[in-house]
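Trainee: I have a structure I would like to understand better, so I am pasting it below and will then ask my questions one at a time.
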């Protein structure tokens, strides 16, 4: 049975990382596509491909294809056009791929009337300052993320994907009126952060005024997923 809501805009994206398609569909059939969008990442896309995406679209769900594209500009151009041909709602691309790659991604969407939202990945929520230092990045995490956000804005991406803790700093330096912010790593108080080092609660996400939040394991691994979703929605 679908959940009822007065929400006009989808602002919750549920991350599907199932290895079993039947288990995924059992979970999905309880969701209302007018409330929730679905995120398909590397696991499910590799296992079930475009066929699975089309099944979800027929059910009315908007799809965020989270493959975090990162390649040379020419390859990205073709990949993003392929995504657009699938009527995908949102797609992710690594900002660190560079200005030319990002411009190529934007140019690839020019012929399309219904363009997917092009969202730039800043850094993975599993990384912290120590990890970045080992990669040779010596400036602070906040400065690095802000630098990437500015590049994404300059290249006319539709928005960025970043930790909630960085949003206030980004909003001080970038006009985010038409620039979407998506925050992953959402956890309820008391829940394990698993492998994510930069997590945000639903209440904080509301305070940060983000446009979209990604909910994953705290729901899909819950003994009562619908009750957990209702709790999250009550906090935003």
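Placed from the backbone N, Cα and C atoms, the Cβ positions cover glycine too.
According to Swiss-Prot:
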ACT_SITE  68  active site, proton donor
BINDING   17, 39, 66-75, 125, 187, 196, 216-217  substrate binding site
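I'd like these features described in context: how deep, what's nearby, how far apart.
Mentor: Secondary structure at residue 68 (active site, proton donor), as computed by DSSP, is strand.
Of all Cβ atoms in the shown protein chains, 15 besides its own fall within 10 Å of the Cβ of residue 67 (substrate binding site).
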Trainee: With Cβ-Cβ distance below 8 Å and at least 6 positions apart along the chain, what are the contacts of residue 70 (substrate binding site)? List them in sequence order.
Mentor: 93, 94, 96, 97, 101
Trainee: Just how many other Cβ atoms lie inside 10 Å of the Cβ on residue 73 (substrate binding site)?
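Mentor: The answer is 17.
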Trainee: For each of the recorded positions (68, 216), count the other CB atoms lying within 10 A of its CB, then report the residue with the highest count.
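Mentor: Result for the most crowded candidate: 216.
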